[in-house]
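Engineer: The annotation Mn(2+) binding site is assigned in Swiss-Prot to H290, H294, H478, N482, V618. Annotated compositional bias 'Low complexity' per Swiss-Prot: 36-45, in sequence order. The feature domain 'Lipoxygenase' is assigned by Swiss-Prot to 47-618. If you look up Swiss-Prot, you'll see 36-58 marked as region 'Disordered'. Per Swiss-Prot, signal peptide is recorded for 1-16, and the stated evidence type is similarity to another entry.
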Amino acid sequence: MRSRILAIVFAARHVAALPLAAEDAAATLSLTSSASSTTVLPSPTQYTLPNNDPNQGARNASIARKRELFLYGPSTLGQTTFYPTGELGNNISARDVLLWRQDAANQTATAYREANETFADITSRGGFKTLDDFALLYNGHWKESVPEGISKGMLSNCTSDLLFSMERLSSNPYVLKRLHPTKDKLPFSVESKVVKKLTATTLEALHKGGRLFLVDHSYQKKYTPQPGRYAAACQGLFYLDARSNQFLPLAIKTNVGVDLTYTPLDDKDDWLLAKIMFNNNDLFYSQMYHVLFHTIPEIVHEAAFRTLSDRHPVMGVLNRLMYQAYAIRPVGGAVLFNPGGFWDQNFGLPASAAIDFPGSVYAQGGGGFQAGYLEKDLRSRGLIGEDSGPRLPHFPFYEDAHRLIGAIRRFMQAFVDSTYGADDGDDGALLRDYELQNWIAEANGPAQVRDFPAAPLRRRAQLVDVLTHVAWITGGAHHVMNQGSPVKFSGVLPLHPAALYAPIPTAKGATGNGTRAGLLAWLPNERQAVEQVSLLARFNRAQVGDRKQTVRDAFAAPDLLAGNGPGYAAANARFVEDTGRISREIAGRGFDGKGLSQGMPFVWTALNPAVNPFFLSV
């Protein structure tokens, strides 16, 4: 009985009390009966390092008890990192599910209501007769669930090759790589005269000059689409044009059936279909690759939870960043990736493929913690640095991410310095913090965190890196690919369908002229389109501003401000100021005299810290 009470106490810490009805308990994944009587103890009134705690014995006993009750369980939603189990782990999972349901309830109800209104409006206007009619999906609709609306230019410029290519440098930057002039081979050939006409040079010269880039979704060929739906497994070649200095598409290869290769010189509808097929693959990738942005911070937090006292300053910050984090896998398994669930209802490839994909990435070495540091990752793919080719003239994702991470890093540096004392060149305070060192050892040991800094942690810069990366994932990287991004950018129809509804062509010229017998045959019908937008709208979190849950609010929890002293409060004030400046610049974006924003014919705002939640929201 005592262990059950302790589990509930630990699970409730840092979370406001929630009244749980019996039906909620029954509906939330076998919530234990004792959780319905959860009481909440206050968060620590003072965060302190273990060596400064006057009650180290009780502190150590509390950690030992957590280790007994919070265990590493099997991975769920693909074979990646451990998911919590044990009495405390199960209670925390159930607690987070309830928090998630509470946060999502209004968004879900609003999106469903707006979906019904949108469908009624579309049908009253005669439905989709041309591609232009997809504007009926958005014009005047989704004002509450997606108050910022879809990206300016995403509809009006949807046939633009520059829009298509620049999405790789903004909405989905995690799959693009530059082909190294000597280390990478050309993935497929493109007819020489076509390359010459498009680029005024040769494919080999582009490669040798470091001007050739690849997105490879050929791995999707191993998955079988659902009945009545279809999918290619596209590879896309892109190039940096030496004349215009623009990043442009060169060719798309389908890798299925007769394996057609399309280029911008093809019939305009054939080429547009190729881009649609590519984007269908890309949407699958972004939605399932982002699962790693859940599992990586989860396992880092799990290791910390088993080794750090709740009174440790670092634990306080990590708990804040991991608000409701353990809801996503059980909720996803229950309603999104279950057979016939929301995924199967909307996407071409089945939920079984979606679950398999992140595990496949992880099995092939993906999901490394330090490898995911922003600049290290981008440099490894040749997107920054000039070792393998000329600099990209515009890289919207990196431009915004670099500034946001800079603000996070400044906060974390000040937080670490205020916690461990002014940095005088002696980082011995880190080595004396046995809880911190136990965390690093746990992460490298039982937790099996891939590519985590080695134990012992000797330099506070390493700790700053770790904390910065966790906060960047929860409040930045995740939202580039999920949260509000799909409904505003990467999932906007007609260019980004979740499923294709006609077979992949066996010859060019099969697209007609944009009538229902042409391109519309591959695209969702009116009801399917509304269902796609509704699902993606439910990923958005429109209320976080009113709830003080944005990235700007990440470190402003009252218990953290009260329990960490004036240095922490000053760091938070600086962070709020920095992110406010970033937010105002992003929110104020529009088109320049050339009709471009950050070099793109659409306005990208996915990293606005005053709009995004600070946590892993969905």
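Placed from the backbone N, Cα and C atoms, the Cβ positions cover glycine too.
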Engineer: Take the Cβ of H294 (Mn(2+) binding site) and count every other Cβ within 10 Å, whichever protein chain it belongs to.
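Structural biologist: Excluding its own Cβ, H294 (Mn(2+) binding site) sees 25 Cβ atoms within 10 Å.
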Engineer: Tell me the Cβ contacts of N482 (Mn(2+) binding site) under 8 Å, same chain only and six or more apart in sequence, or just say none.
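Structural biologist: S286, Q287, H290, F293, F539, V618 - these are the non-local Cβ neighbours of N482 (Mn(2+) binding site), listed in sequence order.
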Engineer: Can you name every residue in this chain, apart from H290, H294, H478, N482, V618, with its Cβ inside 8 Å of the center of the Cβ atoms of the recorded Mn(2+) site?
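Structural biologist: Here the nearby residues are V291, F293, I328, H479, M481, Q483, L616, S617.
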Engineer: Could you say whether, by DSSP, H294 (Mn(2+) binding site) belongs to a helix, a strand or a coil region?
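Structural biologist: Where H294 (Mn(2+) binding site) sits, the three-state DSSP reduction gives helix.
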